[in-house]
Amino acid sequence: MRFPGVQSFRKLNRNVQLGLSFTFFETASASIRSGEILSAYIYLITKSNSFVGYVQGVNGILQLASAVPAGWVADAWRRDYVLRGAACIGAAAAITLAASLIFRWPIWTLFVAMSLLGLYRGFNNPSLEAIWADSVAAGRSKLYTVKYVTQMMASGTGPVLSIIMFQSLGDEWKVGACRLVVLVGLSMFTVPLFILCSFKDEHTLGQESQPIRQGTPSPEQQEEEDKDVDRQAPGCCAMISPSVAVATAITASDLFGALASGMTIKFFPLFFMQECLLQPVFVSAISAVNPISISTFAVMADRIGRRLGRVQTALITRALDVVLLVAMAYVPVGHPMSWQTAALVCIHILRSSCANCARPLVRSVLMDHVPPRHRGKVNALESVRTFSWSGSAALGGYLVEVYGFQHTFLLTAVLKAAGWFPLLPALFYVTDGVCTCGSTRAGKHTRQAKLSSQQQQPDRLHAAEQGRSEAIEGIQQPLLQNGHHHSIHQQDGDSHVRNAAGVQHQDSESPRS
């Protein structure tokens with residue numbers, strides 16, 4: 001898979017350019033300001049894993065409370081205006097969090113700052129994803145993969161910067177060092193806030209971003225293009241609207257997955273810190289390698305998805321995620337330089353790659369089946385998923401305190417397995433799924449055959465014209481030859497008739513010669 005260079009990037013839609021730029025700088029900043037270093041900072045000042053979960057839970061609640069109305073506003077109003085409002089909320093959140101860290105304000109100020117960050121994400125995510133989808137032509141898995149790989153690579157810049165800073169400040173878990181690292185991440189937050197104010201609804205594609213319809217490209221063309229298909233039995237894929245079925249399947253599956261992931265995702269760094277006794281540089285190194293591995297797996301998943309199917313690929317990678325998480329729960333914990341610790345680190349990186357690599361494929365399937373007028377609301381459901389992810393962090397913190405890390409991993413694996421099954425029905429509604437009835441496949445083949453016929457039509461016309469030219473030359477040649485053998489001056493009408501008959505006779509005989 002080729003990623004856009006400088007020249008290719010300039011040819012992209014303006015909103016797509018801004019979306020990729022925002023993704024990079026926002027993710028780079030968030031990987032520092034809200035990553036494992038902030039979790040470590042909260043743990044160091046409170047000495048409680050539960051407080052880490054509570055802070056993330058408040059963030060998720062506010063994101064949920066704001067995302068649903070923000071999604072409706074984005075569909076009813078201008079999405080670029082909503083993004084500018086989100087930028088203002090993000091600026092207020094950055095100022096509050098920076099003041100809390102610099103002046104060492106009480107812990108409740110962290111709750112306020114994280115609440116504002118939740119509002120910021122709740123307002124910008126539905127409109128940002130909707131305006132991105134409106135600016136990308138249908139059949140969008142490649143650009144979604146590029147965007148996702150950009151996000152993953154940017155998420156590694158924060159840990160790399162953390163490694164450099166911890167090497168300078170001393171490779172120890174100290175409150176002052178963590179505070180300084182988070183402040184550096186906040187200083188980077190200004191760039192994505194300015195980018196948010198640059199999106200414009202006028203730069204969207206309009207008709208080119210319309211969703212892919214099952215079997216036919218539009219209702220007006222269905223009667224003409226798929227008459228034979230419509231005479232068949234309706235089959236399984238005609239029971240429910242594809243837009244409703246695909247959105248429901250993906251949202252339900254993501255909801256279970258988010259509930260599961262939220263219980264552990266914020267606690268993996270704390271697991272390596274507390275149980276494996278790894279130093280800050282080593283923990284940051286794991287976080288830096290993770291995005292590289294996820295990006296590699298995402299490119300591989302995109303290629304596999306083109307051959308095997310996007311939903312099929314997502315089901316396989318999510319099943320591997322469950323298996324590896326169970327394995328991680330049963331590997332014993334050893335000292336930092338033991339084989340057990342090395343095995344846990346490798347399993348964690350591989351599991352994280354499998355869990356996240358198919359995300360752009362699933363996202364592209366969802367946007368390919370949702371009309372533009374509903375994309376803001378559907379992307380608001382993404383914030384419900386994120387709320388589940390953040391809200392379950394509070395439960396995860398409690399479970400870690402009471403039952404330990406590895407028992408929490410097992411419960412997470414059970415919930416992830418439950419989230420695997422709701423995605424199965426999507427196989428029967430996507431064009432690269434497994435359903436062969438109705439218009440899902442036949443309509444696709446009908447359009448492909450008509451397109452092939454249209455592409456071949458100029459060649460057929462050219463061949464026919466060439467054939468007519470050759471036939472004319474074949475008739476003219478005998479006529480010219482006859483002119484040398486017959487007299488030019490004819491005496492009466494009988495000789496004209498005889499000459500015409502002679503020409504007719506020669507023409508009628510020439511095909512058999």
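Quick reminder: no glycine exception, Cβ is built from N, Cα and C everywhere.
Quick caveat, the model's predicted, so the values are computed rather than measured.
Sequence annotations record features per position, and here TrEMBL assigns compositional bias 'Polar residues' to 207-220 (among others).
According to TrEMBL, the compositional bias 'Polar residues' annotation covers 449-458 (among others).
According to TrEMBL, the compositional bias 'Basic and acidic residues' annotation covers 459-471.
The region 'Disordered' annotation in TrEMBL covers 207-229 (among others).
Taken from TrEMBL, the feature region 'Disordered' applies to 446-513 (among others).
Per TrEMBL, transmembrane segment is recorded for 54-74 (among others).
Marked as transmembrane segment by TrEMBL: 81-99 (among others).
Per TrEMBL, the feature transmembrane segment maps to 105-123 (among others).
Through the fold, the transmembrane segment (144-168) approaches residues 1, 3-4, 19-20, 23-32, 35-37, 132, 136, 177, 180-181, 184-185, 280-281, 284-292, 294-295, 298-299, 302, 356, 359-361, 363-364, 367 of its own chain, all at least 6 residues removed from its boundaries and within a Cβ separation under 8 Å. As annotated by TrEMBL, transmembrane segment applies to 144-168 (among others).
The transmembrane segment feature in TrEMBL is assigned to 180-199 (among others). Note on the transmembrane segment (180-199): residues 15, 18-19, 21-22, 25-26, 28-35, 37-38, 41, 79-80, 83-84, 86-87, 90-91, 94, 97-98, 101-102, 124, 128, 131, 158, 161-162, 165-166, 169 of its chain, located 6 or more positions outside it, place their CB under 8 angstroms from a CB of the stretch.
The transmembrane segment annotation in TrEMBL covers 244-265 (among others).
Feature annotation from TrEMBL assigns transmembrane segment to 277-301 (among others).
Among residues of the same chain six or more beyond the transmembrane segment (313-333), those with a C-beta under 8 A of the stretch's C-beta atoms are 257, 275-276, 297, 301, 304-305, 340-341, 343-344, 347-348, 350-351, 354-355, 357-358, 361-362, 406-407, 409-410, 412-413, 416-417, 419-420, 423-424. Feature annotation from TrEMBL assigns transmembrane segment to 313-333 (among others).
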